[in-house]
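S.K.: There's a structure below that I have some questions on.
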Amino acid sequence: MLVTVIFVNTLFVTAVLAVSRPPGIVLQPSKNIFYKPFETVKLPCEAEGDPTPSYSWTRNEIPFEPSGNEARIVKLPNSGTLVFNSPEAKDEGLYQCIASNSFGRSATVKINMREAKLDSFPISETVFHRPKLGSHLTLNCVPPNSVPQPQVVWIVEQRLGGFTVINYDARVTMDREYRLRFANVIESDEMDGMAYRCMAINDIMRRNVQGPGHKIRPQGITADYAGTQYLWADQDDRSGLRGETLSVKCIFSGNPTPDVHWERTDGKPLSDNAKLKSFGQELQIENLQFEDAGNYECWATNTIHQARQIRTFSIRVMSAPYFVEEPEDVEIGVGGNAEFSCSAEGVPPPNIQWFINGESLETAITKDKRLQDTKKFSHPVTGKLFFQKVAKNDYMVIQCNASNIHGYVFSDVYLNILEEAPTIIEPPKALTKSAEGSPVNLTCRTTGKPDPIITWFKDRQQITGGRYRILPSGSLHIATVVLADAGHFICEARNIFNTTRADGTLVVRRKTRIEKMPKDLEVFANSDAKFTCSGTTDPEEVNNLRIVWLKDGKEITTKDQRMTTNIQDSSLTISGTITRDSGTYTCIATNGLDNSSHSALLTVKDRPKAPTRVKHQFCDTNATITWMPGSYNNAPLQYYVLQYNTSFNPDQWNFGLKVNASLVKVNMTLSPWVTYNFRLIAYNKIGASDPSFPSPEPCITKSARPKYHPKNLRTIGHQKGKLYIEWTPVPQIHQNGPGFHYLLEVVRESSQSETAVPIPISDWKTDHYEMSAQNIYEPYKITISAANNDGPAEGDPTTIRGFAYESIPDPSISPTNLDPENPGDTFVDLTWDFDKSEIGKLNTKIRGEFRGFKVQFWESNRRPSTAREIDLEPNEVESISANKYRARINKLTPNTFMDVQVAVRNNFYIGKPSEVIQFRTLPGLPGVVEYLRVLNVGDTHVNLEWRSPIENRGDLEGYDISYRTVRGLDLGVMQDREPQINDKYTTNTYLSGLSPNTKYRIYIYARTAKGRGEAYFIEIVTAKPGTPRMPRFTIENVGRTFINVSWWVNAFADSGTVVYVEYRKLYGQEWMRTTDEVVNTWKNVSNLEPGTRYELRIKATNGKISIASGIDEVTTDGTAVAYDLIGNIGWFCGMLVSVLFIIGMVVLLIVCYRQGFRFNQISTGLGGRNLNREPYSGSYD
């Protein structure tokens, strides 16, 4: 329902009176002005008032007239602005602008104008510094006199002229006295012999000057490590002004460069507005507040010395004056009262001073009779002025000044007395629209003195409260509009001079609502997110309805190219989401009058951000690595991986540790004499973050003895006439110090007098050593050790018994008496004799290390193409008696004559083989068919062809065919073809009974007496249903109760290979049918009646369409039922019993009738019935 009432806006009375006001300053200079001689300086001064104010200036509290300065100083017309076209040194002073009219005087703040200056540094010689590498250094700087204070920086001269400004860091910084401090000196501080200088810059003068040069000549070859020491700090007692910025700085020396930390001594956390500057050396508190006062300490440590070096500071918070209650302009009517309040705070507490028209209150009271009337004016407390029952000429300008040692605040206001009839300067709108449930203001802003009394009317009835409230501005406020609030409203303003009115109309629309709300979404980064939203509104505002989308309170615009809105359904799509797309998305349905909104949360999950600020501590045998976690990107962190690289291979990052996600530091064991860098990778379920930046400072560990000697020491007998020794080199990371080398000792076991001579090997990469050897497989005692400049490796050196080169075993130890036992289809057990005493003895005929036996076997008469061999390790051979061995050989060919021989072997050579023996394997499973392919595919059948297995050993019995449906990744139940193929020479068939347009997997197995071999399968898709062809059939054999029917089917037809037989008695009504035949081309129709004539036909079908053949008639053998009593004795007996039963019933009825038994009629409700009839009574004679 829409309620609308419209009237023409009417303004009944308009009265505008000119308003006079005392002056008020609206534009003034800052308190401090610096100027460069002969460059223009402007002191702005603008005021408002009626009549227009006039302007004057004072300098050093004395009236100042610029006109007497030969146009060098001018005051702009219609303004108080003072312009110095060519200022000189004599123009310095304390200036103030005063604006006055007939109603009072107003003044600006006092302006301190000073000439800018910058002196030069005194001339002095270049200073040379010769610090030791790793020690601290200070370069002094005393800036020249400057107004205002100069900006000081340190520079380094360039060889071809010019300079470079030094970028400060944790190692090099500047203190408050402009001295350059080096926490430790490094070689690059020499700057190729160029000088350091401090430079003073005066921005007003646009000039800089440079101080004396300092040149650094670092001494020494390597840097000395030093613990943390105090170098410089601000005064222990520091004070700052409230609202300003306070900084405290402390500098420490040491090598490595110390880390500086700040904290409050009372245990409270640093405030939110406290920041660390200068790489942690400076604590800066912005917008200083009283609660920031207290004791602070800075402390520093480095990896050399963990004891803290501490400096403590006491911070006091002072304050320049600031207004708690600032006076305001007052305009009242005659007879009104006025109050001016001025209160301020500061540390120390400020002094409050009042001024009237630019003169102190005490002076003004002695001069102004209005202030001497105690009934009109009173000053009961310092911060209050009261005026009561003012007269028309009681206007004045009032100033309040609050000052302490840190500065002052100044306020300039006026008291103006007006006589003004009421005027409606902003009447109600002619038509105001609002939506139910919304707040609305009907404006009625007025002027007039005394202040008008505002009255509102609705439909000519005065509004007296309830849901309506008249605001101090005169407007009518309705907090929650309902449909009944629509109507015509009148605003009336009245004072002693007049009454005026204005009116307007309020229209109320139905509320806008969200119908389909967006829902919270969680997506992975780079995917799309879509929010949907729709709304309804008042029928009259439907054309104005629109959907607006916000993200985190800000409207989404067309500039956000990845965020698009669909005009059709008002949906919002974010394409290729990124982590920062996460947030609150708000759908707003609005018609311009009201709106309805609903928000949903989008969470974009992504790989975590890389950790930051990776550092190490306590770099020795272990290190503590710390870091700051990166953003989790809305997927919980699972773990970190700590990686490291070393100076040996800086481009390769190695896995160090897997770290729990809740930790931000971890200890890692280090190797001596290695330079490490560390980095971290964070993992969540989405993936791995980018690697963090490496730790800025390398971790360098001290040297120590090697941790271990070379491992895997062994000999290899592959080179004739040589002793070849091999080992695994010690990697660089485990060498632990400079001067790393190996010591190799080799002694023959057979030589008692030979002394081992250490063989030094200086190249750590060396992994072998070879020397001449006289005897085959001669044993040696071999020892290898590792050492560096700090000493030999820990533990005992590695010692082994090694052997010289190997050779071909002696033919005399060839295995004998090779015998096959219990051959199977694919295996056989072999036994043979071999002299065990040759194993492990000196001068063995094996001529090397005993490594077992080699068995060679092949199909008889086919050695070149079928030969195979197997190496039997010693643990794979069974010793069954003193010199007899046994082993099983697998993977033989079934049903085949096999030849086999055995030979002994060492590491590199094979001895003379045994004699060849022959045996035959038992029949086994066949191999896979060579191929299976499709000849034709119909709708219910497929024609197949295959080739027998390549490994056809004459024991094949036939083939099995199976099939199953394939639907996507799902396989149906396996079905077997019935009957299977029992002719081993058959290589084609057809498979029928399939479903049209269906995918099948068809398997074929070759079969022997032992079972099926390995399957070969193909996949086919049957054709879409076709039309079967009319089949032809013949009747092959007729018996008493059966008929044999044969037919001919084209196996390569497209359809109709499924056949069944239909039959019925001659002239019968319904056909009976046999089961479907999918393999055979004949069917036995059984359970027929002898001597009966039948009609037969066959039908070919594909499951959906059936085609029938012609009908044939045939008579079964034997006698029909009607002529064969013996064959139908059951039927005959049944008929005889039925006849006898009927005769008996007739006789019984006759007897009953003659005895007088009757059945009387009983009345039913279907016709009329006699209610007075006597009950039936009968008698028996």
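Just so you know, glycine gets a Cβ as well, placed from its N, Cα and C.
Remember, TrEMBL labels are computer predictions, not curated facts.
Annotation comment: TrEMBL describes 23-112, 122-210, 218-314, 321-416, 422-603 as domain 'Ig-like'. Residues annotated as domain 'Fibronectin type-III' in TrEMBL: 607-704, 709-811, 814-924, 928-1026, 1027-1119. Annotation comment: TrEMBL describes 1-18 as signal peptide. According to TrEMBL, the transmembrane segment annotation covers 1129-1153.
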S.K.: Need one number: mean pLDDT over the domain 'Fibronectin type-III' (928-1026).
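M.R.: 90, rounded to a whole number.
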S.K.: Quick check on the domain 'Fibronectin type-III' (709-811): DSSP residue counts for helix, strand, coil, in that order please.
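M.R.: Split into helix, strand and coil, the domain 'Fibronectin type-III' (709-811) gives 4 helix, 47 strand, 52 coil.
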S.K.: So which of 122-210, 422-603, 709-811, 928-1026, 1027-1119 has the most C-beta pairs under 8 Å when paired with the domain 'Ig-like' (23-112)?
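M.R.: By Cβ pairs under 8 Å, 122-210 leads among 122-210, 422-603, 709-811, 928-1026, 1027-1119.
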S.K.: Can you find at least 3 Cβ pairs under 8 Å between the domain 'Ig-like' (422-603) and the domain 'Ig-like' (321-416), where each pair is 6 or more residues apart in sequence?
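M.R.: Counting Cβ pairs under 8 Å (6 or more apart in sequence), the domain 'Ig-like' (422-603) reaches the domain 'Ig-like' (321-416), since there are 3 or more.
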S.K.: When the domain 'Fibronectin type-III' (607-704) is classified with DSSP, how many of its residues are helical, how many are strand and how many are coil?
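M.R.: The breakdown for the domain 'Fibronectin type-III' (607-704) reads 0 helix, 53 strand, 45 coil.
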